[in-house]
C-alpha cells in the first residue's frame, strides 16, 4: 500500500501532476529539533536544476508543514508535510493515454486498475512521489543524529556507464560529494558523466546508474533474527523506489565468487569490543546490525520515457502501434533515486531503533 514502518510509520500520498505530494509521519518522538530550513535543504538536494537534462521540470519544492512541529521541536504527534506541484504540464500525456510506455509502470497499473488511475506524469509511479520520502527521510535523519548519533549519506558510483575511479573513500567524502554538480566523489567522472547525460538527451535517450548508501556506525541489535531482519526491511524499502532494479549489501554478488576464507570478516577486538576487521558483509550479520557501518549498493534502470519511437499496444483499439514521448523527462533517475534510498534507509533505521528501545518516546534535554 502507501505506508511503511511498524512504530515509526510513514505514509506518502499524491500524484505527479496532482496539486501536491505529501507525507504523514507517525511515531515521531517528542523533543526533536526540526525546522523548515533543514527540511528545505534536504528537498533542494534532489533538484539538480543546474543540469537541465536531469530535471527539466525543476520544481521549486515549496512545502508546508501542517502539523507535529511547534517552536522548532517535534510535539510527538504526526508530522504532515505537503510539497506543492507547481510546474506539471499534463498535455504531453494526453497523446499517449491508453498507450503504455515500454519500461514504465503504465501497463502494470492498467492491468490492475483499468482506467481508474491517474496516468499523468506516471501518477503514483512517478519519481515525483519520492519527494515525500525525502521529506520523511529528513525527519528520520534528524532523529537518528540527535538520539543515537548515526548519520546516513549516499553517492553515485556509476552514471551512464561512467564509474568513479576511487574505492578508498570515507563517509565524509561521500557526504561532501553532494556539494559537487553530481554526487560523485571523482571530479573527472563527474565531467565525463555530464557529457554522457547531454549526449543521451541529444539522442532522445536515457541512462541508468548505480548508487551507494552508507551510514556511520549503527548500534548492534537492530532487526530480528528471522522475518523482521533489518537487512530485509532495508531491501524492501529501497526496492520500492521507482526505477530500482537491484540491491547488494557489502561486497554483495562478489561474495558469491569467493571462498569462505576470503569472504569471512575476521572478528577482532577494538577498544575492548568485538568488531569486524573488514566489513565485507555491509554491517549486518543474521540480518541484524552489529555495531558496524551499514553499506549497500543500488542499481537504477534508465528512465523509460524517451524521445525515440518505441513499440507498444493501443489498449482501446487493441492494435500494435508506436509512440514517441515528447514531454519532459529526466535523462537519468539515478541522482534523485539514490537520495530516496538514503531517505528510506534513515526511515527504516529509526523504526528499528525505536522498536529496540534505543530511541525513547520523549527526548528531554
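Cβ from N, Cα, C; glycine included.
Counting every protein chain shown, the Cβ of residue 46 (NADP(+) binding site) has 21 other Cβ atoms within 10 Å. Residues or ranges marked as NADP(+) binding site by Swiss-Prot: 46.
As annotated by Swiss-Prot, FMN binding site applies to 124, 125, 126, 286, 301, 302, 303, 304, 305, 328. Applying an 8 A CB threshold to same-chain residues 6+ apart, the list for residue 124 (FMN binding site) reads 2, 14, 15, 16, 117, 118. Reduced to three states, the DSSP call for residue 124 (FMN binding site) is helix.
Cβ neighbour count for residue 305 (FMN binding site) (all protein chains, 10 Å cutoff from its Cβ): 25. Distance noted between the C-alpha atoms of residue 301 (FMN binding site) and residue 46 (NADP(+) binding site) is 18 Å.
The secondary structure of residue 303 (FMN binding site), as reduced to three states from DSSP, is coil rather than helix or strand. Neighbour count (other Cβ atoms within 10 Å of the Cβ, all protein chains): 19 for residue 301 (FMN binding site).
Residue 46 (NADP(+) binding site) and residue 305 (FMN binding site) are 19 Å apart (CA-CA, integer value). The separation of residue 46 (NADP(+) binding site) from residue 303 (FMN binding site), Cα to Cα, is 16 Å. The two recorded residues, residue 46 (NADP(+) binding site) and residue 126 (FMN binding site), show a Cα separation of 14 Å.
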